[in-house]
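The following features are taken from Swiss-Prot:
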MOD_RES   5  phosphothreonine
REGION    9-236  region 'Interaction with NR3C1'
MOD_RES   84  N6-acetyllysine
REGION    225-279  region 'Disordered'
COMPBIAS  230-246  compositional bias 'Acidic residues'
MOD_RES   231  phosphoserine
MOD_RES   252  phosphoserine
COMPBIAS  256-269  compositional bias 'Acidic residues'
MOD_RES   263  phosphoserine
REGION    272-617  region 'Interaction with NR3C1'
REGION    285-733  region 'Interaction with FLCN and FNIP1'
MOD_RES   314  phosphotyrosine
MOD_RES   444  N6-acetyllysine
MOD_RES   477  phosphoserine
MOD_RES   490  N6-acetyllysine
MOD_RES   493  phosphotyrosine
MOD_RES   586  N6-acetyllysine
MOD_RES   642  phosphoserine
REGION    700-733  region 'Disordered'
REGION    729-733  region 'Essential for interaction with SMYD3, TSC1 and STIP1/HOP'
REGION    730-733  region 'Essential for interaction with SGTA and TTC1'
């Protein structure tokens, strides 16, 4: 390590020390860094290594056109040298170096454009680790250092030293210490409470975390001790040399001691010849260890990388204990140049859709320098499970979040990443077993993508898999469904609900299943959002079997029969609508029911019963939205069912038969439940059911345990039409 200054011994040189005041904004920034507590101070090392990497990039770039630029030092590297005795940490690079003008301008007198912006961001609660994005990463050194010395040598200038204790000014002088050849040496004089950054373990930890993929070797120099076995003679020679240094000892005092030891040794050798080999001494040496041996895997040719290497990199990147499920390694060249390595994990994290979670897990590098790992603009939220790295050659190193949002380069990168992810999923879909694992974990992401990404909706829809009325225990794609469609079938039919069994036994699918029409079962809440956007697939419209206006393939004879039924039951529909009033929008004859007497369908553009259930479960729901989006209910009756036929006869025989009202309400409430809705007044419905149970058990109205108002209601059920007391069921209302 060079001496800090020789000006004290040579007065002539002292005149060459120039003092400069920091530009106001920089002084303010340094004050903010020094006087505010930050927990993640370790980022200073990342910033200084990043600066070194930039300097090395610059000299490497210049040497491409002028190889003689490297005559002052062929090797491009970064060295880290901790010194516990002096309490200094030194970062040395063989980069381009700085001229005197560079030193004065870059480290103090000219504020970078990001200085003020970074201070404002800090005061608004931004993380100190963002400092590099504003181009002022060097000043993060003052997070841990009380004084910083920068010694630098540029090919076009002398060797200079810059120094500041952050007191509002800095000095620049010609450096007469050890010649550097070319490059920059940053010496951090650490604060008393920051000595952890001199520990070998801590430095390795930080470099691995932040800088392991820098494109130049980072070598750590550590002074260590080791035991060395020597003979007693050699040990004594060493001891003698140490004694000679002490002025208090006389040479004459040493001689008899040596003779005595020698004679002792001769006697001991006779007893034990190996004795003199057993003496150990402590020897100090400098250990050099390269910390970033793992070269950026994404810069290599994919054909040269084994699955094991991808696996090791994935685990080091994600700390996952399992191997990845799939990998996509590619580069884009032309007007824009970047490389990317993307992984699909085997399982979704438990907090995949939590609001506080990072929006993505892609690490952004610019020319092998890590920039950030939470760049929201890099990939859409529905792909937030993708892990990996993107390394751009075109983005500026000091890019800020604000710049990223406006960056056209980033928009192109994002578009390419999405495209490659979809390619990866499509490739994965060819392997049925692996795709099944993928879909179990990430189907929600695909469906969220269909809801959010209109541009890629078609490709994403090809990745969907569903159970259907014909698929058994296998999930099938929409393409598979289309290949099995009937000749005269125009639509893709689907039903949404909570479970596979629930939708399979639903009244809505009765006629479709009877006619051999396949129905897709959508049983995840997100399916409701997905089909709101996915209107069609391969020219076939997706139609919900729980909504009004269901069109089924039918011949002329079936159409004629249906019209006759509508005419026959027109009067009953009118009576039922009058009884139910505002509870339903209309009552119509159904073309979808076979074994159920009736069902509740919803209007084409309203919510389904399942969607209404989902929305009611939202803790922060908007009740005004609930009001106008809640399903507009239509009651459909089955003209072929005995209950409906008997009810029609009863209503036509006596328009004023009051039992009809109760029967209609009971049918409506039961249909609500079977169609997936909830009851507004479940207790009243329960009372009706209890009365039916009493009738079934033969419990008489006069039974003292029976409720007066509830016991008589059963007398008005259809089998008891002849009973005189026809008005009893009115009481329940």
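Cβ coordinates come from backbone N, Cα and C, glycine included.
Locations of recorded Swiss-Prot features on the structure.
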residue	record	Cβ contacts under 8 Å, 6 or more apart
84	N6-acetyllysine	195, 198, 223
314	phosphotyrosine	320, 323, 324, 327, 343, 387
477	phosphoserine	462, 463, 464, 465
490	N6-acetyllysine	540, 541, 551, 553
493	phosphotyrosine	512, 517, 518, 519, 520, 543, 545
586	N6-acetyllysine	573, 577, 634, 635
642	phosphoserine	none
Overall pLDDT for the region 'Essential for interaction with SGTA and TTC1' (730-733), taken as the rounded mean: 39
CB contacts for residue 444 (N6-acetyllysine) [other CB atoms within 10 A, all chains]: 18
In three-state DSSP terms, the structure that residue 444 (N6-acetyllysine) belongs to: helix
